[in-house]
Amino acid sequence: MKSLVVAGTRSGCGKTSVAVGLMAALARRGLRVAPFKCGPDFIDTSHHERACGRPSHNLDGWMCGRFSVEDIFARHAQGADVAVIEGVMGLFDGFSGSSEAGSTAEIAKWLHAPVLLVADASSMARSVAAMVGGYIDFDPEVAFAGVLLNRVGSAAHGEIASEALAAAGLNLIGMLPRAEEIGLPARHLGLSMGQETGEDMYARLADWVEAGIDLDALLSGLPEMVVQPVNENRTWSADDEHIPGPLFFADDSGEKPRADEEPDTPGAASAAPLSRRPKAHVARIAVAQDQAFCFYYRENLRLLEDAGAELVFFSPVSDKKLPEGADGLYLGGGYPELSAFDLSNNAGLRREIKRFAEDGRPVYAECGGFMYLMESIRDARGSTCMMSGVFPLSARMAERFAALGYRQVTTTRDCILGPAGTLARGHEFHYSVLPDEAYDLAGLYAVEDRKGPREKPEGFAAHNVVASYIHLHFCSNPALARHLVEACAS
């Protein structure tokens, strides 16, 4: 198998269009493409899936740590001809300005995957070589497959930029013209979801990429990788950055595979099985899945299944009742504000969910799912739609984002996610806001961001419900999934 990271010099340079077009072009050639996304984004992965017909998975170094990133990659790259990993922001951007944690570069190094650097060449000529050279020299441990110039304005522009890169000894893989007419559609929170994008867009992106890149030359220059089978008996630890054992290695590296090495586990109390799926289901969890609720880390769902959950999916927009025999609910994020009228009109299901929560049955909700549990959602024009009413809160949509960034949470008391002191990592990004007095009801989570502890409380709890604006990644602490399934089973 071969692997490639499609990284950018910055956000907005066109790397998502390039990555999606590359995936579509390779899949069109009959190659089995395993797609991945660096960082916490839910939307880009939906386009990956449409482009190559295979589920895409997030690889996030800060939330998950090296052990889980390697496990996710090995698990889902199995059987592929090529893995294409889309980066996040600029190549070296991550959790902070002083480390590579959470960056695309970190993932590329962990996976030994060469980087195709996408550079926006608009408004530059020879200077593009200086910019690209800085990226390539910044960290000698990052391997590069080459440079792709995007938004080249003309043949003359491309000729000058190409000469500059050649003079600097930089490997130019291809050049792509400005093509605003085939850009992926966008809205608040980023691009529109892949499910809302027509098939012709992916074909056009594939044509665009193939016209500007010699794919045969690109693929032939990538090293062969061997992906080792996942060792289901390995264990996870909260100190997982220190657990040895990449699950794959380069054919020509001379390194021995390390999949059979024993990980360093600080002790049985802090270690949890990474994936030992029970023989029988112990709980049935209903998962909201439709156009309003579509933001889930796939590994969260897998870890719930590994812990014994049977997942059944339903639509709060269109289904009239909850799935039969549901022991718990998982309400993920998405766009409830765009379907607020339909959600409000589905009054029977709203009332059933409120009764479900008031009966003390477990409900876990994130961001959009949290909004659905409030009394109402008010859009930017002042229209109000009623929601489930589990929490006496009303969300108001703002014109710009209200919060964005990584979060580390510690539970302050026992809940369905674990005992007091349970630690997890996640990401927060939303446009809705709550009045300040609403946070008097919060406090389940003590939250830290890159600046340190936050004064504003987070995490709302009522009955057996846990809700928050933060999307937690269960790979940051797989015990979260186990505790949630146990709560549903009991």
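Please read every residue number as a count from 1 along the shown chain.
Placement of Cβ uses the backbone N, Cα and C atoms for every residue, glycine included.
Around the Cβ of Cys367 (active site, nucleophile), 28 further Cβ atoms fall within 10 Å across all displayed protein chains. Under the heading active site, nucleophile, TrEMBL lists Cys367.
Marked as domain 'CobQ/CobB/MinD/ParA nucleotide binding' by TrEMBL: 4-188. As a whole-number mean, the pLDDT of the domain 'CobQ/CobB/MinD/ParA nucleotide binding' (4-188) in this prediction is 94.
Taken from TrEMBL, the feature domain 'CobB/CobQ-like glutamine amidotransferase' applies to 284-477.
Feature annotation from TrEMBL assigns region 'Disordered' to 249-275.
The site 'Increases nucleophilicity of active site Cys' annotation in TrEMBL covers His471. Taking Cβ-Cβ distances under 8 Å and a sequence separation of 6 or more, the neighbours of His471 (site 'Increases nucleophilicity of active site Cys') in its chain are Pro40, Phe295, Tyr297, Gly332, Gly333, Glu366, Cys367, Gly426, His427, Glu428.
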